Amino acid sequence: MSLNTDMSNARRVAYQFVAREQAEGVGATVRRSLGSRQLPNLDPFLVFDEVNVGLPAGFPDHPHRGFETVTYMLPTSKGHMLHEDFLGNKGELRPGDLQWMTPGKGILHAEMPANEEKAHGLQLWINLPKEKKIMEPRYQEISRDTVPHVWDEAKKVKAIVFAGEVFGQKGPIETEAPVTYIHFFMKQGAELDYKIPIGHNAFVYTLTGSGKCSGEDIEAHHAIVMEKEGDGLHVTTEDEEGLEFIVISGQPLNEPVVQYGPFVMTSEAEIHQTIRDYQSGSNGFENAPKWTSEIGNRWVYCTDRNVSVCQCMIGNALDVGWCSQRCFI
């Protein structure tokens, strides 16, 4: 069971901090918590971003290897995202939808807003165990109509369950290593006792409202890292707006992490091999040299940051670098 009515041994808050905005992708801004200077990683998690992006900003063609990406379009998002990769997969992420992508040995893809309406979502990077870093790529796409939405009316708490279990309901995602991913909504006066699996590292990310977690005040856009000792979370709110937050936990891999941008392996030698594979179009990146996305190729990239007139070339962002001067065609 994931719920416990006696949480006298709830985990304490180790520390918390506000996720500050920073530039990412092309013209996009994210609130980064995990993967920041305050929290470089929390095994097995590498990056956690709150994203609010509309055209012309976005995330054009870029590769991944060695970890998973989880992209969740928040139910209240006004816009939505498009996705396309070099294996021929295309799709849309609409409000409430989630994509759990396992690039494994290699994916080259683009993620772009569908239009100028701001797409508001979350993206999590999860490290893969060494033996699964070069597995075949796979997708798990969950629509808002199929993911479990469960209520505990007495406790005034709602949960959307993607991975893990709460209120007796299990999420549909099959994870490569033990991970939970649950979206909680609490009304004013609500009280939640949630049991975190033994041995998991865990953090909370607050979206709206305010409340208390293990007795400490929490508010929107904060990452709250929990201590490892204890049974779970005790959360309350008296905010008229209530409290909305994400709980993420995972079993540590306890393996070396060597990251070079979008590549995450266990040694520098593996990183060098990954770069060679990507540049030569081999060992999982066979389609990379000849592929350009439709959704990301509308960008024009400036090759000189100092020019007064945008002297540009059309191409892949990875080839010419991220630029301060951008046009959209």
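Glycine is no exception: its Cβ is also placed from the backbone N, Cα and C atoms.
Listed in TrEMBL:
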DOMAIN    29-126  domain 'Pirin N-terminal'
BINDING   H62, H64, H109, E111  Fe cation binding site
DOMAIN    181-283  domain 'Pirin C-terminal'
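Comparing the binding-site residues H62, H64, H109 on other C-beta atoms within 10 angstroms of each C-beta gives the minimum for H62. With DSSP states grouped into helix (H, G, I), strand (E, B) and coil, the domain 'Pirin C-terminal' (181-283) comes out at 13 helix, 52 strand, 38 coil. Broken down by DSSP into helix, strand and coil, the domain 'Pirin N-terminal' (29-126) contains 0 helix, 58 strand, 40 coil. Cβ neighbours within 10 Å of E111 (Fe cation binding site), excluding its own Cβ and spanning all shown chains: 29. Other than the site residues H62, H64, H109, E111, same-chain residues with C-beta atoms no more than 8 angstroms from the centre of those residues' C-beta atoms, the Fe cation site, are F59, D61, P63, T69, D85, I107, L108, A110, P262.
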